[in-house]
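J.: Per Swiss-Prot, disulfide bond is recorded for 10-22, 16-27, 21-34, and the stated evidence type is similarity to another entry.
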């Protein structure tokens with residue numbers, strides 16, 4: 001089960017706080033960064 005930030009839909013990691021990974025349209029909570 002992936003820890004999604006359900007309130008933060010994204011199209012890429014640039015949409016996520018702290019440059020976190022974007023997976024399946026949602027930001028991952030427990031990812032330090034995503035290149």
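Glycine residues also receive a Cβ, built from the backbone N, Cα and C atoms like all the rest.
If you look at the structure here, what lies around each of the features I listed?
T.: Around residue 10 (disulfide bond), the same-chain residues at least 6 positions away in sequence with a Cβ under 8 Å from its Cβ are 16, 22, 25, 26, 27.
Residue density at residue 16 (disulfide bond): 23 other Cβ atoms are found within 10 A of its Cβ, drawing on all protein chains shown.
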J.: In this structure, which of the disulfide-bonded residues 21, 22, 27, 34 has the fewest other Cβ atoms within 10 Å of its Cβ?
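T.: Among the disulfide-bonded residues 21, 22, 27, 34, the sparsest Cβ neighbourhood within 10 Å belongs to 34.
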